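Undergrad: So TrEMBL says this about it:
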type     : residues : note
TRANSMEM : 51-75    : transmembrane segment
DOMAIN   : 67-324   : domain 'G-protein coupled receptors family 1 profile'
TRANSMEM : 87-108   : transmembrane segment
TRANSMEM : 128-146  : transmembrane segment
TRANSMEM : 167-187  : transmembrane segment
TRANSMEM : 217-243  : transmembrane segment
TRANSMEM : 269-291  : transmembrane segment
TRANSMEM : 303-327  : transmembrane segment
Amino acid sequence: MNWYESTAPNLFVNSSEETVWMIMYHNDSSGNSFGNTTIIENNFAERLLKIIVPIVFGVIVTVGFIGNLLVIIVIISNKRMVNTTNILIFSLALADLCFIVFCVPFTAAKYVIPRWPFGKVWCKIMQYLTYVCAYASVYTLVLMSFDRYLAVVHPIRSMTIRTEKNCLIMVIIVWVIILAANAPLLIQFDLLVYVYHGEQRQSCVNTAASEDPMLNIIFYVAFFVAGYVIPLTLVCILYGFMLRRLLFGITPRNQSAESIRSKKRVTRMIVIVVILFAICWLPIQIIFMLHSAGVYATNTTNFWIHLIANCFAYANSCMNPILYAFLSDNFRKSFRKLLCCSSPALSTYDYERTQIRGSMSTRRSEAV
């Protein structure tokens, strides 16, 4: 059995960084006359990989880093942007920024370098932060959906709940839980030293899962359920209640038509963010499940499919700032002013100028 066939896959990398090299350099031991043709095709695939990965991943890192950093700076530098919705957007941008910085570049290196050159400590930290950021992103979306649920379904009763302080506390609690829950990964991931074609190499793998196939299955099923199914199910339930209220509910008398329209705009923006997350992460989650079930064959075709699925998941981390720029006047104007090196102060127009007379807190909490 080849080494890669018995080793648990790293997150977002098919089996290990060795897989692509093993696929491309695997000799035809049957002695048939198609061996040379296979080598030529695989060498071409290797050269293509070394061109595509730096370009695609480089674009994702550049756009994601600049975009999410701009979102964070805009929110921090504008007091008017400190509200419940934007605190959650800040949390999402922070998770995406960390994911871009700590995961994508090193995964790109795994695709083009046939070994792990960054050492044992960074192996543990990188894998740990990768999962932390992935979970933080999706559960921030759950908080955003719950915030929208309160604003749309319980606009008056939620006034005392939807405060900046409470929102910040919830964000901190979610991050602390995720950081603590993923702490075992710091022990599970380690360097595996082996010999490949007479050369000693090392790979960053989940050693616990690689030693026990059942742990491998549990590991990826847990990630699929806890990191995809449960949060998106909660989001769907919350938006189901919101949709029913928007279509059939009674509008409170002290909410203006402009207030209702502005709530719908913010809700629409968050719905688009959630849908993009679900679409971008679905392919890689399916591959994880197939791989853990032992039905995802390690071959060149599936390798390229896995690479494309990775790109979709990574690209999600750079999409949200683009959405904010298109869907929010205040974010768009703040981005423009910040990039033009002028003060990123907001216009006096409040994106959700509103609704409940005498409630400055509510007006601020709906400004995006």
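Note that Cβ sites are derived from N, Cα and C of the backbone, with glycine treated the same way.
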Undergrad: Any chance the transmembrane segment (51-75) and the transmembrane segment (217-243) are in contact, meaning at least three CB pairs closer than 8 A with a sequence separation of 6+?
TA: no
Undergrad: What parts of the chain pack near the transmembrane segment (128-146), using Cβ distances under 8 Å and only residues at least 6 beyond its ends?
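TA: Non-local partners: 11-12, 85, 88-89, 91-92, 94-96, 98-99, 102-103, 167, 170-171, 174-175, 178-179, 181-183, 185-186, 189, 223, 226-228, 231-232, 234-235, 238-239, 270, 273-274, 277, 281, 317.
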Undergrad: Calculate the per-residue pLDDT averaged over the domain 'G-protein coupled receptors family 1 profile' (67-324) and state the result as an integer.
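TA: Within the domain 'G-protein coupled receptors family 1 profile' (67-324), the model's average pLDDT equals 88.
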